[in-house]
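Quick look at what Swiss-Prot annotates:
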- 1-20: signal peptide (SIGNAL)
- 30: sulfocysteine (MOD_RES)
- 35, 74, 137: L-thyroxine binding site (BINDING)
- 62: 4-carboxyglutamate (MOD_RES)
- 72: phosphoserine (MOD_RES)
- 118: N-linked glycosylation site (CARBOHYD)
């Protein structure tokens with residue numbers, strides 16, 4: 001239990017530090033950002049495949065956006081404020097491919113976060129994930145858009 005609390009504390013610190021540093025002009029307009037950390041190596045998780053889906057009226061998940069995390073473990077520019085409308089979204093991280101590329105056999109095929117966005121007006125979302133081969137933890141930072 002103490003290890004789990006420590007992981008959550010580290011993840012919360014990651015989000016706090018990343019949000020405390022000034023964002024570039026392009027980042028301030030990014031309504032959905034993903035940040036991934038490798039808990040084993042204590043570093044950003046680069047080249048993690050990310051898929052975003054939006055729940056359609058017929059209850060199916062439609063592809064919405066995709067990309068890979070940068071060397072800093074971040075993925076910006078997934079969508080625009082105009083396209084990121086109110087709805088139910090799913091962010092899927094390809095954790096299996098990430099760990100396999102490091103020569104590690106993981107337990108999970110992927111990690112996913114399902115959330116409702118913009119139900120109280122336009123917001124910006126940072127989805128942060130802390131990965132290990134046999135577990136993952138996620139948190140989110142939801143903020144008002146910066147002018």
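Glycine is no exception: its Cβ is also placed from the backbone N, Cα and C atoms.
On the structure: features taken from Swiss-Prot.
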| residue | record | CB count, 10 Å |
| --- | --- | --- |
| 30 | sulfocysteine | 22 |
| 35 | L-thyroxine binding site | 24 |
| 62 | 4-carboxyglutamate | 10 |
| 72 | phosphoserine | 14 |
| 74 | L-thyroxine binding site | 19 |
| 118 | N-linked glycosylation site | 17 |
| 137 | L-thyroxine binding site | 18 |
By CA distance, which of the recorded positions (30, 62, 72, 118) lies nearest to residue 137 (L-thyroxine binding site)?
72
Candidate recorded positions 62, 72, 118, pick with smallest Cα gap to residue 35 (L-thyroxine binding site):
72
Candidate nearest residue 72 (phosphoserine) in space, where candidates are the recorded positions 30, 62, 118 and distance is Cα-Cα:
30
Please report the Cα separation of residue 118 (N-linked glycosylation site) and residue 30 (sulfocysteine) in Å, rounded to an integer.
14
Largest inter-residue Cα distance among 35, 74, 137 [record-listed L-thyroxine binders, Å]:
16
